[in-house]
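These features come from Swiss-Prot:
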DOMAIN    2-221  domain 'Radical SAM core'
BINDING   Cys16, Cys20, Cys23  [4Fe-4S] cluster binding site
Amino acid sequence: MVDGMKHLILKVTNRCNLNCIYCYANNKNNKDMDFKTAKNAIDYLLNLDNQIKIQFTGGEPLLNFNLIEKIVDYCNDNYSNCNIQYAIQTNATLINEKIAEKIKELDIKVGISIDGLEINDILRPYKNGKPSTLDTLKGMYILKSYNIPFGITTVVTNKNLPYLEEFVKYLIAFGVKSISFDLLKPKKKEHLTLMPNIEEFNKLLNKLGRYPIYIKNLQKRPKDKYCYLNSGDLLFVNEFGDIYLCPTLEGLSCLGNINDKNKIKLPKVKSKGCYAREFLIKTFKK
C-alpha cells in the first residue's frame, strides 16, 4: 500500500457526448461505474487517510450524476468524521439549473474542460460533429448565475496554442479566476502530430504572467510537486474498478482491481515531470 493516499479519481462513466480529437479515454464501451465499485474505492482510500479529495471524471461524469449524488450521500452518512472534498471535471454542456442547484447543495468544486472559443469546436465537437462551445459557455453562465466558482482546464496542442492569449482575455472578462494548462499527453501515436511547440508555449506563459488570472501549468511546478502521482497521493479507478496511477495510463499499466483488494499492488513512482506524458511519448516514438 501507498501511505498518505489523498486523491481519488473515480471514472463514474465511460460515456461521453463529445468526440475530442485527442481523447485520453477509451470510449469503446458505454459502461457506467456501479455503486459497489465506487464504495469499495472510497472505503479503501479512507483506510489510508481520513482527509481526501474525490474527483468525478469520465467520459462525461454528468451523464452518471445519480451515482455522484449517491456517493456524496454515502460519505456523509458513513464518514462524517473525515475531511472529504469533492470535485468534478466536466465539459459543462449538460449543466442546467437543476444540476447547478445540486452541485451547490453537495458542495462539489467544478472544473470545466474547454480548449478555446472557435477552435474548441474543432478540438472538442459533439459525437455528431456539431459544435459544442456555445453549450459549454451556457453551462459556465448558469454556474456563474448560481455563484458557483469554477476553474478552467485547457489541453494545449499546436491547434489552439496561437489562440490561447485571446482565450485568457475572454476568461478574465467572464470572471474566471484560474486556468490550468495541461500539455497534450499523446494516448495514440497519431496524437504526436498535435504536440505543441514547448518554446512557444513558454513564451506564452511569460506573456500571460502579467494578466490578472491565476495560471496553473505543469511546466512550472516543482519537480516533486508535478502531480499527485509523484508524491504517491493518487488513485485512479475506472468504471470496471481497475486501478491506475494516473488516468492517462488507463489501459496501459493496471495495478489491480478495487473489487479484489488482495491483488492490489501500488508502487511509488517518482518522476522529474509528468510520468504519464514521458511514458506515452517514449512508447509512441519507438
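Keep in mind that glycine also has a Cβ here, set from the backbone N, Cα and C atoms.
In the three-state DSSP assignment, the secondary structure recorded for Cys23 ([4Fe-4S] cluster binding site) is coil.
Comparing Cβ neighbour counts within 10 Å across the binding-site residues Cys16, Cys20, Cys23, the minimum falls on Cys23.
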